[in-house]
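**Student:** First, the structure itself, so that you have it in front of you.
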Amino acid sequence: MTIALGKFTKDEKDLFDIMDDWLRRDRFVFVGWSGLLLFPCAYFAVGGWFTGTTFVTSWYTHGLASSYLEGCNFLTAAVSTPANSLAHSLLLLWGPEAQGDFTRWCQLGGLWTFVALHGAFGLIGFMLRQFELARSVQLRPYNAIAFSGPIAVFVSVFLIYPLGQSGWFFAPSFGVAAIFRFILFFQGFHNWTLNPFHMMGVAGVLGAALLCAIHGATVENTLFEDGDGANTFRAFNPTQAEETYSMVTANRFWSQIFGVAFSNKRWLHFFMLFVPVTGLWMSALGVVGLALNLRAYDFVSQEIRAAEDPEFETFYTKNILLNEGIRAWMAAQDQPHENLIFPEEVLPRGNAL
């Protein structure tokens, strides 16, 4: 018996190999296997948003005008959430609510679930695209890991939070002014700005912006080989092949400024990755907590003292009153189906009033 040792090679390519060759071919815009998820989902999400903001009203779900057709502009148009009565229905076009009627589907808010779900899978497809390309060119997958931060925020805010509440109605609608309304809602009903997870998110995002500005300025400041132009801007060449800045000079500069400085590029760039991604993940965790109506930082002793002593008031107690005002004024308008009526005497007023 003869045993042949060696690598097995197929004589003919099967369908998988043919698809793999075509999908991963070197072209101007890489497609890849991830593109099978990314491109259709991104196309439908963006297309659904443009369709909704252009033509579709929110009269039947929120009692609002929300399209260019009704007179909104770019800042006030939105694809709004379904009515609260529809709870967590996927609102499929062929489902029991719309029954295949496209106009009725739009009126019920079906475009919101369409955009939200295709948007989520589109973002996941983009992260998989970064994994796939990193694998192809033998890079580590830190870009994809970093992009998990925005995905975590999107999924927690647009999907997990409303799943914890009574329906998609309480998710943000897809529009600029609609997001502002949602932020006010979060503050009034959850005191979100005093939540430690929100604080970590703000520190991460603003800290990352600061690090980015400092890093870019420092690299530009420490270039030691450049063009021969008469001024900085003519001498600067963005297509320079190799890096010609001095890490040693940058280290000395910041050591003199702060007393401490990054000693190598790896630690510096890891820190620039760690700060924003951790901030985004922490804020996403905080929103998951809000989905379960968890409370954070209720300083009850100050509230009791403020209620008993007309001369005692803190910024915290003033903010609590503002939150009560947001709830009282917003709930009646934002949830008309609840028929909430607040008489004047129960509306909150601070000690100064």
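The backbone N, Cα and C atoms fix where each Cβ goes, and this holds for glycine too.
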**Student:** According to Swiss-Prot, which of these ranges is transmembrane segment: 41-61, 104-124, 167-187?
**Tutor:** 41-61
**Student:** Examine the ranges 125-141, 312-328, 329-345 and name the one recorded by Swiss-Prot as transmembrane segment.
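**Tutor:** In Swiss-Prot, residues 125-141 carry the label transmembrane segment.
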**Student:** With an 8 Å cut-off on Cβ pairs and a sequence gap of 6 or more, do the transmembrane segment (279-295) and the transmembrane segment (153-166) reach 3 or more such pairs?
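**Tutor:** Stretch pair touches.
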**Student:** Measure from the CA atom of His215 (plastoquinone binding site) to the CA atom of His269 (Fe cation binding site) and give the result in Å, rounded to a whole number.
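**Tutor:** Checking the Cα atoms of His269 (Fe cation binding site) and His215 (plastoquinone binding site) gives a distance of 9 Å.
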**Student:** Please list, in sequence order, the residues in the chain of Gln130 (pheophytin a binding site) that are at least six apart in sequence and whose C-beta is under 8 Å away from its C-beta.
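**Tutor:** Pro141, Asn143, Ala144, Phe147 - these are the non-local Cβ neighbours of Gln130 (pheophytin a binding site), listed in sequence order.
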**Student:** Residues of the same chain, at least six outside the transmembrane segment (41-61), with any C-beta under 8 angstroms of its C-beta?
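**Tutor:** Non-local partners: 67-70, 72, 77-83, 106-109, 111-112, 114-115, 118-119, 121-122, 125-126, 169, 173-175.
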